[in-house]
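Taken from TrEMBL, the feature domain 'FAD-dependent oxidoreductase 2 FAD-binding' covers A:11-432. Feature annotation from TrEMBL assigns FAD binding site to A:16-21, A:39-54, A:D229, A:E416, A:431-432. The substrate binding site annotation in TrEMBL covers A:H250, A:T266, A:H389, A:R426. Per TrEMBL, active site, proton acceptor is recorded for A:R323.
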Amino acid sequence: MTTTPTRHLYDVVVIGAGGAGLRAAIEARLAGKKTAIISKSLFGKAHTVMAEGGAAAAMGNANSRDNWMVHFRDTMRGGKFLNNFRMAELHAKEAPERIWELETYGALFDRTKDGKISQRNFGGHEYPRLAHVGDRTGLELIRTLQQKIVSLQQEDFAATGSYDARIRVFQETTITELMLDGDRVAGAFGYDRESGDLLLFEAPAVVLATGGVGRSYKVTSNSWEYTGDGHALALRAGATLINMEFLQFHPTGMVWPPSVKGILVTESVRGDGGVLRNSEGKRFMFEYVPDVFRKQYAETEEEADRWYTDPDDNRRPPELLPRDEVARAINSEVKAGRGSPAGGVFLDISTRLPAEQIIRRLPSMHHQFKELADVDITKEPMEVGPTCHYVMGGVEVDPDSGAAFGSVQGLFAAGEVSGGMHGSNRLGGNSLSDLLVFGKRAGEHAAAYLDALPSRPKVSRVDVAAATEVALAPLARADGENPYTLQQDLQAVMGDLVGIIRREGELSDALKRLHEIRLRVATVAVGGGRRYNPGWHLALDLRNMLVVSECTAKAALEREESRGGHTREDFPKMSPQWRRVNLVCSLDEGGQVHLERKPVPAMRPELFDLFERSELAKYLTDEELGEE
Amino acid sequence: MTTATRPGVRARAAITARTLRTDRWWLAPLITFLGLTAWVTYATVRVFMHKWFYVEAYHYLTPFYSPCLTDRCGDAAEFGTPLPNFWLIPEASLTLPFLLLFRLTCYYYRKAYYRAFWLSPPACAVPDRHEKYSGETRFPLVFQNAHRYAFYAAAIISVINTWDAIRAQATGLGLGNVILWVNVIMLWAYTLSCHSCRHIAGGRLKHFSKHPVRYRFWTFVSKLNTRHMLLAWVTLGTLALTDFYIMALSADWISDLRLIG
Amino acid sequence: MKRHFRVWRGDSSGGDLEDFDVEVNEGEVVLDVIHRLQATQTPDLACRWNCKAGKCGSCSMEINGMPRLGCMTRMSTFTADETVTITPLRTFPVIRDLVTDVSFNYEKARETPAFAPPAGVAPGEYRMQQVDVERSQEFRKCIECFLCQNTCHVVRDHEENKEAFAGPRFFIRAAELDMHPLDARTDRKQHAQQGQGLGFCNITKCCTEVCPEHIKITDNAIIPMKERVVDRRYDPLVRLGRKIFRRDQLEAAGESVPRATPATAETPSGRRLPESPALGPDGRLDIAELSAPIQGGPSPFGEDITFPLPPERVTYHHPDPS
Ligand SMILES: Cc1cc2nc3c(=O)[nH]c(=O)nc-3n(C[C@H](O)[C@H](O)[C@H](O)COP(=O)(O)OP(=O)(O)OC[C@H]3O[C@@H](n4cnc5c(N)ncnc54)[C@H](O)[C@@H]3O)c2cc1C
Ligand code: SF4
Ligand code: SF4
Ligand code: FES
Ligand code: FES
């Protein structure tokens, strides 16, 4: 088999075919650029298909009092004010347009009585805000974008006779390295999973939309794709990562049967009335409302129950607290010995809604429990527990253009792989809208970058040779470590030592062990050929998982406070001083992870004024408050 | 790799077994085969018997001979006797062909006999063993699309069957009346649950919200429609049973169980 | 407990069922067993998967001869001593082990005309009633597992029909768009019949039987589409109604509105006549080509290679004469 890569020439290469990647590609193609979309799995199967609840956008269809300012406030509160305010602002302002646009591509959201897009409640959102389709919103989103791309290809076919003339999808293709020409991106190098052939994409602009890192954990709602490839590619190309210590553990993953442990139970179950109970049958969430949220959440079960029908005059049930709070509450209940038999708590909707309503509103949950756990959720409660779900951290980008910071140019990032938008904790539903808003911006700005570019950067042959060697190394080694064992070891380290609740000693230990694993990864070997060989694929993904895990562990050790998706047992309080700090990861010459502190950008005054001072006082230092 | 195929024909997986199904997949087509064959045989024999189709005392007429249009009909002739007496001509020659057509082109029966008789395919993921296959794109199968007209005809015939049941009501109430009514109700349920009916009722609309009445009707038919297969078999049963009961009465093998009168 | 499995391994040049004994725990599904096989016995066993929750439609395979999702087939559905046989989808060319080349489906997707937005309705102004979108929503549940495409005997048993037949997945797509309250195209029915080969389907319902999303493909999409075709082509009553209400003329007018979407409707399988490159309005080739970074198509070898190559860089190896 040849070791010379097949070359492809494109203007913009989008790595990732999830919501962010497809939206970026559509935009780049509409700007007239020749675009390639690259995806590790088949077209239309990216992680976004799994999103269930909905996409948050302040359209005000369900409650006319909703607008972008309320959405902005909720996002900042959810992220504990660590968010990049500009991203949160753009997101809140542009999300409705992006959702409406989907309708012109053929999306069919659930409707309100007057024919508008229906919106549902979700944790952390003040008003019903999530545009949804039953509980398969992600599927609708990705299918719509996929079909839009097909329709663009049909236009090209009519104009040129070739579907692939201006936009082409390379499915089951993995990018292993970005190619640089000096500081500028010159292309991307990878392999085709089906055949094992090597590929070189020459392109002056690359958009990363590769999603998250959850596969480094054993209990996760994420698929094999989430090995932090984009994070690692960006690091190696000279870009920086921020907020990597913040991982969201979704409070309700399935805990039984063992094989599906981690698979998500959508938050809509709680949004539609589901309640959490411990083994004593108690609705324990009332005891876990933190001070900062005390004002917005109900204190009695009666008030909480009234809220579902009359949200204006009642406060919301504490089951709808942001995810980090609920995850921690469940964790404490289980630790206190009040857990369910399989080590979770009970989530009950069966006693709260009539069976046919449950089936209509939560069809895929009903289906999922029936088929996977043999549990009928209209009759019995579900057993749930926290599962690794989303990484808030990611490539540090310019909020307006999505261009990566650091030394590299021509690299853009959008979606879960980019960082900053969600601060220390993401609100449910904010991701799908994030994909669309920043996906579009990244595509647009990648095209604009190209227009301003004086000459096309060139890929150097030496780099290609080096990338080829790295890619083929695991196959060449006669014997060495088994990639599956290594992955399990890595997952064990991350799950046990860098999990929901973190301690200093464990984190230092984790760093030591990660270092050991790094040495072992260098000797990984796999049998078989290059054709669709999952062992080989995993071996190549391992080094990405590893470097990203190191960033997470290092940043977690550094940040001595508890905030959102980062909880330190030894520093249980939120610290206003730490709120001003972003931890930025980069790689130095020798490939070692390097950590740096950077100030969080300060909010513009008019945005500042959207909040009550008393609320800000809970998060900000006196100095910052005084400045106003 | 890309969403387009690469050049060069690529082979399917070389799996030697024709099917690897381990369940008794052949059972369903076998039952269908036996059931339909038995029914068709019975019906054919009965239609060409030219006797024992009418119980004068209670005005019971078997559906196989309705409407009765030859001189043999006697009292049963409700609509005159335009047809000649010839053994090859069934008494209900004007309706039977349409009923046959209705059932032959019925979407359910099509599935049933394509699977059980044509073995195309005998069961899912079991090879159909035909050299060539063109489905319903060519003559004669393209005429399956005429099902709609057969449905219109069948709806009219159901009215005639209802008339028979009403006529029989003239003389009190016996088990025969009950059987006739059950048969007629089942026939209506089967006819209304027809896919063509569902389409005509409202399925063809683009905007249900602009036609609330037809939407209601469509919803009703849709509910029946999910039971179409069941109704298809039930009506075969009730038809045969009704006919047999009337034959038995008419031949004096048994006498009607009278409830009133 | 150890259970006995037979897994097809091989590629397009051939292959066979191999026997394995694998540990199976309570509550596991077939995909778990495959993962255990990969981790313990056959690290290079090829199999697609993503979500493990029946949402992405990647893990399609045939289990004991029935097309199913590996992640939704619980081991408890088999008896304890039953041998479980796992094979790749039969209808599509095999790549390796359980992975098949499903590009047939993506090609058919391209040939299905896309949603045509209504003219003059701005984004945000779309108004649709729930009852009107519900039918199409059922079809949009499709996770593109292609199990229906794989089971359908029209292509499963007759490779030659692949060109003319789009398959159940795309019949539901056609139905979805035809029932979409705001879709502006009126020729979906013709397309279904002429472009997609709706007539090949003999409604034997295997697609419905295997659909993991329980979409009523035959009852709710294929049959209604067949009926809609009948409306247009064969039903005199409907035609008469149209004559009376002059609806045919309205429709005809609607059809002539120029659309952005290409005229692939009537050309099955992308059959096209050869044509020259796109010309500018003046009838000449676009001058901009001269200012592009490269003229003509890109070189498949990259722009930094000059020919002839030095012999040591030639990658061609003459086949062994033996
Ligand atoms: C179970 C679940 C439920 C969720 N529910 C919600 C919800 O209700 N609301 C909400 O807002 N968010 C939700 N989320 C989060 C949201 O779905 C994700 O954050 C979002 O889909 C990420 O999209 P993306 O476009 O960034 O990446 P993805 O959709 O994950 O796409 C990543 C793409 O990158 C490709 N890729 C990765 N690495 C490489 C490489 N090396 N080379 C080439 N290609 C590569 C992959 O193949 C894939 O196509 C949920 C997430 C999960 C897991
Ligand atoms: S019903 Fe039609 S489309 Fe479905 S499997 Fe049968 S022949 Fe194929
Ligand atoms: S219709 Fe059903 S079986 Fe067919 S591809 Fe979609 S989900 Fe799979
Ligand atoms: S009678 Fe069966 S479908 Fe019409
Ligand atoms: S893995 Fe996604 S459907 Fe089975």
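Keep in mind that glycine also has a Cβ here, set from the backbone N, Cα and C atoms.
Overlay of TrEMBL feature records on the structure.
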| residue | record | contacts (Cβ under 8 Å, 6+ apart) |
| --- | --- | --- |
| A:A20 | FAD binding site | A:A209, A:A414, A:G415, A:E416, A:V417, A:D434, A:L435, A:L436, A:F438, A:G439, A:A442 |
| A:S41 | FAD binding site | A:A17, A:Q171, A:E172, A:E225 |
| A:K45 | FAD binding site | none |
| A:V49 | FAD binding site | A:G138, A:L139, A:I142 |
| A:G53 | FAD binding site | A:R120, A:F122, A:L130, A:H132, A:D135, A:T137, A:T266, A:E267, A:S268, A:G271, A:G428, A:G429 |
| A:R323 | active site, proton acceptor | A:G123, A:G124, A:Q248, A:F249, A:H250, A:P251, A:E267, A:H389, A:N425, A:R426, A:L427, A:G428 |
| A:S431 | FAD binding site | A:A51, A:Y390, A:G415, A:E416, A:H422 |
Other CB atoms within 10 A, centred on A:H250 (substrate binding site): 24
Reduced DSSP assignment, the residue listed as 'active site, proton acceptor': helix
Neighbours of A:H250, A:T266, A:H389, A:R426 excl. site residues, C-beta within 8 Å of centre, substrate: A:S221, A:Q248, A:L264, A:E267, A:R323, A:Y390, A:G428
Nonlocal residues around A:G16 (FAD binding site), in sequence order (Cβ under 8 Å, 6 or more apart): A:I37, A:I38, A:S39, A:A46, A:V207, A:L208, A:A209, A:T210, A:G211, A:G230, A:G415, A:V417
Farthest-apart CA atoms of A:H250, A:T266, A:H389, A:R426, residues recorded for substrate, distance in Å: 15
Sequence-ordered recorded positions from A:A20, A:S41, A:K45, A:R323, A:R426, A:S431 with Cβ under 6 Å of an atom of ligand 1: A:A20, A:S41, A:S431
Around the Cβ of A:R426 (substrate binding site), the count of other Cβ atoms that are within 10 Å: 28
Conformational class of A:H389 (substrate binding site) under the three-state DSSP mapping: strand
Candidates near ligand 5 among the binding-site residues A:G16, A:V49, A:G53, A:H389, A:S431, judged by a Cβ under 6 angstroms: none
Against chain C, in sequence order - recorded positions A:S41, A:K45, A:V49, A:R323, A:H389, A:R426 with Cβ under 8 Å: A:S41, A:K45, A:V49
Secondary-structure category, per DSSP, in which A:R426 (substrate binding site) falls: coil
Cβ neighbour count within 10 Å of A:T266 (substrate binding site): 26
Reduced DSSP assignment, A:A20 (FAD binding site): helix
Segment confidence, the domain 'FAD-dependent oxidoreductase 2 FAD-binding' (A:11-432), expressed as mean pLDDT: 92
